[in-house]
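Trainee: Got a structure for you, questions after.
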Amino acid sequence: MILSDILYKVPLQAVSGITDIEIENIVFDSRQVKNGSLFVAIGGTQVDGHNFIEKAIELGAKTILCERLPEVLQENITYLQVENSARTMGLLAANFYGNPSKKLKLVGVTGTNGKTSSVTLLFRLFRKLGYRCGLLSTVQNQIDDEIIPSTHTTPDSVKINELLHEMVQKGATYCFMEVSSHSVVQERIAGLHFAGGIFTNITHDHLDFHETFDNYIRAKKGFFDQLPASAFALVNTDDKNGKIMIQNTAARKESYSLRNIGSFKGKILACGLFGLQMDIDNREVWFKLIGAFNAYNLLGVYGAAVLLGENPDEVLMQLSDIQPPAGRFEQVVSQNHIVGIVDYAHTPDALKNVLETIVDLQEGNQQIITVVGCGGNRDATKRPIMAEIACKFSNRVFLTSDNPRNEDPMVILGQMEAGVSSIYMNKVQTIEDRHEAIFEAVKIARPQDIILVAGKGHETYQEIKGVKHHFDDKEVLQEAFDEIWKK
Ligand SMILES: CC(=O)N[C@H]1[C@@H](OP(=O)(O)OP(=O)(O)OC[C@H]2O[C@@H](n3ccc(=O)[nH]c3=O)[C@H](O)[C@@H]2O)O[C@H](CO)[C@@H](O)[C@@H]1O[C@H](C)C(=O)N[C@@H](C)C(=O)N[C@H](CCC(=O)O)C(=O)O
Ligand SMILES: Nc1ncnc2c1ncn2[C@@H]1O[C@H](COP(=O)(O)OP(=O)(O)OP(=O)(O)O)[C@@H](O)[C@H]1O
Ligand SMILES: N[C@H](CCC[C@H](N)C(=O)O)C(=O)O
Ligand SMILES: [Mg+2]
C-alpha cells in the first residue's frame with residue numbers, strides 16, 4: 001500500500017521525505033523489519049524503540065514513524081514525526097487494513113475480571129443467533145470455527161487490524177474483544193471503531209503497571225472516553241466505579257445491575273453446582289454457569305445483545321444453553337467423588353468470589369482445599385492479600401508457584417506467606433513445585449471434599465525464566481486422582 005494512502009486523516013507534526021512509496025508492512029519491533037517496512041519507534045517499559053531506528057533502516061525499513069527525529073536523517077528514508085507514535089500506529093494500521101472495525105460491529109469488554117467470560121459468551125451467543133463472528137480473547141482468538149492462538153488479552157494495534165480484516169474477509173459481521181487496561185494506556189485500541197463497550201468491574205490488579213488505583217480507573221475509563229456517539233456504553237452500576245466510567249463518554253449510556261436500578265435488571269433466584277437460576281427483565285431463566293459473579297457476566301451479555309438489536313426472549317433461550325470458557329470453574333471429579341475445580345482466579349476479588357461460591361456449595365463436613373500461587377513480574381501487592389483470602393475461606397491451603405517468570409519463586413511465596421494471619425498458620429503449607437502441591441492436595445482430600453486449583457485456568461504452561469514448560473492444572477489433577485485414588 002502507498003504511504004500517502006496510509007496517512008489519510010492522520011495528524012503529523014513533521015514529514016521529511018517522499019510519501020508516494022510502497023509500504024510492505026507496519027512493525028514496531030526492529031527484529032521484525034523487512035525490506036519496505038514502516039518502522040514505528042515506541043517508548044516501552046524496558047527500552048525505547050527510538051534506539052532501534054538505525055537498526056531498522058539497516059534491515060530495510062524505508063519509513064520511520066517516531067516522536068523524536070534522529071540527529072542525522074538518512075537519504076531516501078521518509079521520517080514522520082508525531083506526538084504519540086503508538087496512537088498514530090493504530091490509525092495507520094486501521095488505514096493499512098481498510099478500516100475493518102467499520103465493516104463489522106466491534107464490541108469491547110473491559111474490567112478487572114469477567115472479560116474473557118463475557119466476550120466468549122457473546123461470541124457463542126451470536127454464533128447461535130446465526131451470525132459469523134470473531135473473537136479476541138486471553139484464551140484464544142477465533143473466526144467462526146477457526147482457532148488462532150492468542151499471546152495477549154488485547155493484541156497490538158497492527159495484529160488487531162490484521163485479524164479484524166481477516167474476519168471481514170471471512171464474512172464476520174460481529175467481533176467481540178477484550179480491552180485490557182494495558183491496551184488502553186499503550187494505545188493498542190487507537191483508531192478502532194467500536195459499536196459498543198461493556199464495563200464489568202474494577203478491583204485490585206496490575207498496580208505494578210498503573211502504580212495507583214486511580215490511574216487504573218483512568219485507564220479503563222479511557223476506553224469509554226474514546227467511544228463514538230453511535231456506540232453504547234454499558235456499565236455494571238453495582239460496581240462503585242461503574243458510573244465514573246461513563247462520565248465523559250459520547251456513547252449512549254446504559255447500565256445493568258442486580259442491586260440497583262438500571263437499563264437491565266436481574267436477580268439471582270438460585271445458585272448451585274447445576275448453575276444459576278435468574279430473573280432477568282421479568283423472565284425466569286436457568287444458566288449453566290456457576291457462581292454469583294457469573295450472574296453479572298450473563299446480565300451484561302444479555303444487555304449488550306439487546307442493545308445490538310436482538311430479541312430478548314431469543315437471547316435468553318440461547319444463552320441458557322451456553323457453556324463457560326475453558327478454565328473458568330471447570331470441574332474434574334475423581335472416582336471416589338473428590339471435586340476438583342480449576343479456575344483462572346488470579347486477583348484478590350476473583351479468588352474471593354470463587355471461594356465464596358464454593359463455601360455456599362459446601363455441605364456437611366466437606367473440606368475446602370485450595371492450591372494457589374501468584375504470577376512473577378506482576379503486581380506484588382496482591383500476593384499477601386490473595387494468600388489471606390485463600391486461608392480465610394479454606395480448610396487447608398497450599399501456596400505454590402504460578403508463572404514465576406523472572407522472579408525467584410520462593411521470594412514470591414515469602415510475600416504470600418507474609419499476608420497469612422497467625423490464626424491460619426496451621427492450615428497453610430508452602431510447596432514451590434505446583435505439580436507436587438496439587439498431588440499433596442489430592443492426597444489429603446477425602447471423598448466429597450472440594451479442591452480449588454486457582455490462578456492458571458486454561459493456561460497450558462508454567463513460565464519460568466522466559467521458558468514456557470507444559471503445565472495444565474486439569475491434567476495434573478486428573479493424573480493425581482488416577483494415581484492416588486484409582487482402586
Ligand atoms: C508491560 C507490557 O505491557 N509490555 C508490552 C509492551 O512491551 P514493552 O513496553 O515492555 O516493550 P519494550 O521491550 O520496552 O520495547 C519498547 C519498544 O522497542 C521495541 N524494540 C525492542 C527491542 C529491540 O531489539 N527492537 C525494538 O524495536 C519493542 O518492539 C517496543 O516497541 O509492548 C509489547 C508490544 O506490544 C508487548 O508485547 C508487551 O507485553 C508483554 C509481553 C506483557 O507481558 N504484557 C502483559 C502485562 C499485558 O499486556 N497484559 C495485558 C492483560 C492484562 C490483564 O488485563 O490481565 C494484555 O492485554 O495482554
Ligand atoms: N464478573 C466477574 N466478577 C468477579 N470475578 C469474576 C467475574 N467473572 C469471572 N470472575 C473470576 O475471574 C476469573 C477470570 O475471569 P475472566 O477470565 O473472565 O476474566 P478476565 O477479565 O478476562 O481476566 P484477564 O484480565 O486475565 O484477561 C474467573 O476464573 C473467575 O474466578
Ligand atoms: N492477564 C493476567 C493473567 C495472569 C495469570 C496468572 N496465571 C499469572 O501468570 O499471573 C496477567 O498477565 O497479569
Ligand atoms: Mg481475559
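Backbone N, Cα and C define each Cβ position, glycine as well.
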Trainee: Asp402, Asn403, Pro404, Arg405, Gly455, Glu459 bind meso-2,6-diaminopimelate in TrEMBL, but which of Arg328, Arg378, Arg446 does that record place at the same site?
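Mentor: So the meso-2,6-diaminopimelate site in TrEMBL includes Asp402, Asn403, Pro404, Arg405, Gly455, Glu459 plus, from the candidates Arg328, Arg378, Arg446, Arg378.
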Trainee: For ligand 4, which among the binding-site residues Asn113, Ser117, Asn403, Gly455 have a CB under 6 Å from it?
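Mentor: Qualifying residues: none.
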Trainee: Write out, in the order they occur in the sequence, the residues of the chain not among Gly111, Thr112, Asn113, Gly114, Lys115, Thr116, Ser117 that have a C-beta within 8 Å of the mean position of the C-beta atoms of the recorded ATP site.
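Mentor: In sequence order, the nearby non-listed residues are Val109, Ser118, Glu178, Thr200, Asn201, Asn297.
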Trainee: How big is the Cα-to-Cα gap, in Å, between Gly114 (ATP binding site) and Asp402 (meso-2,6-diaminopimelate binding site)?
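Mentor: About 20 Å separates the two Cα atoms.
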Trainee: Looking only at the domain 'Mur ligase N-terminal catalytic' (22-97), what are its DSSP counts of helix, strand and coil residues?
Mentor: 25 helix, 18 strand, 33 coil
Trainee: Which recorded positions are spatial neighbours of Gly111 (ATP binding site) here, meaning Cα within 10 Å, out of Lys220, Gly455, Glu459?
Mentor: Lys220
Trainee: Write out, in the order they occur in the sequence, the residues of the chain not among Arg378, Asp402, Asn403, Pro404, Arg405, Gly455, Glu459 that have a C-beta within 8 Å of the mean position of the C-beta atoms of the recorded meso-2,6-diaminopimelate site.
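Mentor: So the extra residues in range turn out to be His346, Gly373, Cys374, Gly375, Gly376, Ser401, Lys456, Gln462, Glu463.
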